[in-house]
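Since the structure comes first, as structure tokens, the remarks are kept for the end.
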């Protein structure tokens, strides 16, 4: 208690030792070291802003360091019905063998918060948020420009007798639908952060819109893969009646109907989604840590399964295309142009979204940066690839392969 004595006045210090995890449960069901909570108070009243911090030591028999354990204090909720949260503001953590030493400039209830492996720091969350905001803004602008470019560069319909040529005419239209889905996804993602401070109803609608746009974008990536399968692998007399209409029902209709049904019967599936960090859960002074998104774990896992099946199908199709291009490239010596085609197909088929399934352990932070950079810029990459394809397919160009 040297920090208190330094004030020059002897006061009675009251310490409360609590061994009950249920008394200090936040919204995230956080775990504290050995379920130990220590309360320290002065009889005279509230103490904060000490020039010499108080020191609290917690003993343990675990392997702990700054990456998985940090000193925190209990911050009560603002309202009568709101839960409190753990915060590390005003506390510093030092680790010695078998001991966690906390230095705090105030008195309240203290504990050592155990952090899940790979938890983000506030600085990392801030940088990822800035990257995604900039990337989605660029992609939204790029997809809008590419949509306009697609509208002006659409070719005239082919004769009904040419099934393969009809498939090629549908290619541009499918590209346009994918770009529209990506534009909607980027805009709704940006809105999900901006409207996280709004009313609960507006946030739920925004979260449902974001969920719909994500499902639609993934569905149109699957449609791109299916169309690619027809163009390159199954090339003989393929004709599907009302082909584009059926793709639209699959990629626009089914996801929209699914989200509308979930929203109608269980609206609380959508709402405020908080992002935890290693500095505690209250870090809004650094960067907003909440957005409008899914709040239901079953729906979250169902979305992951949906995305996983689509990405598996797209990856298999892309692998088959790479094998075909490699065989053709060896015969014609076009390896460089084939790699441009593969990179473009990787963007169209969304295979980089598969990085989401490697967000664990030591892969978490590198994966999050790769995932954020590549997928937030997907619309921009598709735009650049499409412009490259248009230039290659001009009359007199040496190559005429857009797929």
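Cβ coordinates come from backbone N, Cα and C, glycine included.
From the options 279-298, 299-318, the stretch TrEMBL describes as transmembrane segment is 299-318.
Range annotated as transmembrane segment by TrEMBL, chosen from 151-173, 174-196: 174-196. As annotated in TrEMBL, transmembrane segment covers the listed stretch 243-265 rather than the other ranges in 128-150, 243-265. The stretch from 174-196, 243-265, 299-318, 339-362, 368-387 that makes the most Cβ contacts under 8 Å with the transmembrane segment (208-231) is 174-196. Scored by C-beta pairs under 8 angstroms, the transmembrane segment (368-387) has its highest count with 339-362, from the stretches 174-196, 243-265, 299-318, 339-362. Residues 117-118, 175, 178, 217-218, 221, 224-225, 228, 304, 307-308, 310-311, 314-315, 317-318, 321-322, 325, 368, 370-371, 374-375, 378, 381-382, 385-386, 388-389, 401, 403 of the same chain, all 6+ positions outside the transmembrane segment (339-362), place their C-beta atoms under 8 angstroms from a C-beta of that stretch.
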